[in-house]
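Trainee: Dropping a structure here in structure tokens format, bear with me for questions.
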Amino acid sequence: MHELGLAYSVYDVVEQEMSCRRGGVLKQIKLSVGRFSGVDAGFLKFSLEAILRASPYMSARVEIEAVKAYCRCARCGSLFEPPSYYSTCPGCGSYETTLVQGGELKIKSLVIETE
């Protein structure tokens, strides 16, 4: 259920940005959600759309891009797509891996139409 809180946080950023652009119309919010971010993208989208419906931005669309996860092995340097969050390196079998992509939640863009 933390997706609702995240949706409100995204909305707060939208409000701040729109206050700087008086007269603009928000058309789209594009988010990127990593595979291992712990965020349910469907529920985040649902929550954000519900918040937007009760706001001045009710016509804005929400688009969510899924981001693949990649890890790097500290031992051999391999970059690989892990099958699960805790995965061994397929190159050398090491558990010394670091998630380098796929743990993020980002506002990728806001499409604002100006008059």
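Glycine is treated like the rest: Cβ placed from N, Cα and C.
Summarising the annotation, TrEMBL assigns Ni(2+) binding site to His2. Taken from TrEMBL, the feature Zn(2+) binding site applies to Cys73, Cys76, Cys89, Cys92.
Please situate the listed features within the shown structure.
Mentor: Cβ neighbour count for His2 (Ni(2+) binding site) (all protein chains, 10 Å cutoff from its Cβ): 12.
In this structure, Cys73 (Zn(2+) binding site) is part of a beta strand by DSSP.
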Trainee: Determine, from DSSP, whether His2 (Ni(2+) binding site) sits in helix, strand or coil.
Mentor: helix
Trainee: I want the residues beyond Cys73, Cys76, Cys89, Cys92 whose C-beta is within 8 angstroms of the mean position of the Zn(2+) site's C-beta atoms, in chain order.
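Mentor: Other same-chain residues with Cβ inside the cutoff are Ala74, Arg75, Gly77, Ser78, Pro90, Gly91, Gly93, Ser94, Glu96, Thr97.
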Trainee: If one measures from the C-alpha of Cys89 (Zn(2+) binding site) to the C-alpha of His2 (Ni(2+) binding site), what distance in angstrom results, rounded to a whole number?
Mentor: 31
Trainee: Where does Cys92 (Zn(2+) binding site) sit in DSSP terms: helix, strand, or coil?
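Mentor: Once the DSSP labels are grouped into three classes, Cys92 (Zn(2+) binding site) ends up as coil.
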Trainee: Among all the protein chains here, how many other CB atoms are within 10 A of the CB of Cys73 (Zn(2+) binding site)?
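Mentor: So the Cβ neighbour count for Cys73 (Zn(2+) binding site) comes to 20.
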